[in-house]
Amino acid sequence: MTLGAGRAGRPTLAVVGATGAVGTVMLQILSQHADIWGEIRLIASPRSAGRKLTVRGEQVEVVALSEEAFDGVQVAMFDVPDEVSAQWAPIAAAKGVVVVDNSGAFRMDPEVPLVVPEVNAHAARMRPRGIIANPNCTTLSMIVALGALHAEFGLRELVVSSYQAVSGAGRAGVETLRRQLAMVAGTELGTSPGDVRRAVGDDTGPFPEPVALNVVPWAGSLREDGWSSEEMKVRDECRKILGLSRLPVAVTCVRVPVVTTHSLTVHARFESEVTVDKAREILATAPGVVLFDNPAAGEFPTPADVVGTDPTWVGRVRRALDDPTALELFVCGDNLRKGSALNTAQIAELVAAEYR
Ligand SMILES: NC(=O)c1ccc[n+]([C@@H]2O[C@H](COP(=O)([O-])OP(=O)(O)OC[C@H]3O[C@@H](n4cnc5c(N)ncnc54)[C@H](OP(=O)(O)O)[C@@H]3O)[C@@H](O)[C@H]2O)c1
């Protein structure tokens, strides 16, 4: 690829997993953000080698993942499955590349910082393994708002339910919902037990149940005592990012028939009494947060409006009826933007600033 005018001397970036759900949004974000990179190298599996993708208005050929693909690279974003990151991120790091990893492979490694720039940007500088981890999309969909409230009030307990979009399960999740929607559209299905299941068939893609005309109280794999891996991730990651290693956290993760944008109800208990006015003031001024909360006018965030936007949107701000130290919130965040690609890009930009 030919470097654009003025790009010489800037750090070279590799996007590993450029063809995936997150990678696709990443290329859009890299095309929209300030052009701070020299070469942008696109990497995926050998299946995609030779494909051309557009980034910064230029066609770039995808190369297969290999050790040589990291030659001359300063920063690499990994948007690939856990096992691919687990194998290849240390190989890239051993070549001096700073890896920003979007998978779950390193998030709880004590030698890998887990970074949300609005909350703990300082942590990105301490990376003994040369790897920085990006949190899970469900954690990221609320943590910027929670971090701002924690800084003022001091978080003491968290109870969360998620309403997660199918793109959180990658391209396969989106394809499954669209296929099932086509099968049930224009029918009277959803009125007797099992009618939706019979219509969509046994292939429910990455989900254990039909997701069209349904809600599925499950995301991830089974962990101890009936908890799901997604629920454990939210708990562990919130604790690590906020530096609250013993924070009580209860999470229930639910999949809903939304393409992109996770929603969450949040019950957050703080050190002392809170007021809605103060909470609204904090949320209205916190970087990366939009307060959209006027139920009388029918104004609260929903995925249909939030999708494709960068901020964490917060509405339905109420003080708990039975506990003056607790707030109830409804939060929406695009799981492919702040929930993954945007946060990764922001971390990579923090690292790139070190090269100036
Ligand atoms: N979707 C979300 O909301 C979300 C949010 C946060 C984090 N994440 C994480 O981000 C990562 C990517 O997720 P996704 O949803 O974008 O998945 P996806 O749509 O399935 O895309 C996977 C990407 O990884 C590449 N890949 C797969 N196996 C590979 C291999 N052996 N060598 C090289 N490249 C390989 C694929 O390349 P080919 O096209 O060539 O197969 C593709 O570019 C996952 O770890 C996921 O958990 C996802």
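Glycine is treated like the rest: Cβ placed from N, Cα and C.
Marked as domain 'Semialdehyde dehydrogenase NAD-binding' by TrEMBL: 12-127. Residues or ranges marked as NADP(+) binding site in TrEMBL: Thr19, Gly20, Ala21, Val22, Arg47, Ser48, Ser167, Gly168, Asn335. Sequence annotations record features per position, and here TrEMBL assigns phosphate binding site to Arg107. Among the features that TrEMBL reports, active site, acyl-thioester intermediate is placed at Cys137. The annotation substrate binding site is assigned in TrEMBL to Gln164, Arg255. Annotation source TrEMBL lists active site, proton acceptor at His262.
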Contacting recorded positions, sequence order - Ala21, Gln164, Arg255, His262 vs ligand 1, Cβ under 6 Å: Ala21
Of Thr19, Arg47, Arg107, Cys137, His262, Asn335, i.e. the recorded positions, those within 10 Å of Arg255 (substrate binding site) when Cα atoms are compared: His262
Span of the NADP(+) site, taken as the largest CA to CA distance across Thr19, Gly20, Ala21, Val22, Arg47, Ser48, Ser167, Gly168, Asn335 (Å, rounded to a whole number): 26
Integer Cα-Cα distance in angstrom, Gln164 (substrate binding site) to the residue listed as 'active site, proton acceptor': 5
Rounded distance in angstrom between the Cα atoms of Ala21 (NADP(+) binding site) and the residue listed as 'active site, acyl-thioester intermediate': 13
Rounded Cα separation (Å) that holds between His262 (active site, proton acceptor) and Asn335 (NADP(+) binding site): 6
Around the Cβ of Ala21 (NADP(+) binding site), the count of other Cβ atoms that are within 10 Å: 22
Cα-Cα distance linking Arg47 (NADP(+) binding site) and the residue listed as 'active site, acyl-thioester intermediate', given in Å to the nearest integer: 26
Packing count at Thr19 (NADP(+) binding site) (other Cβ atoms within 10 Å of its Cβ): 20
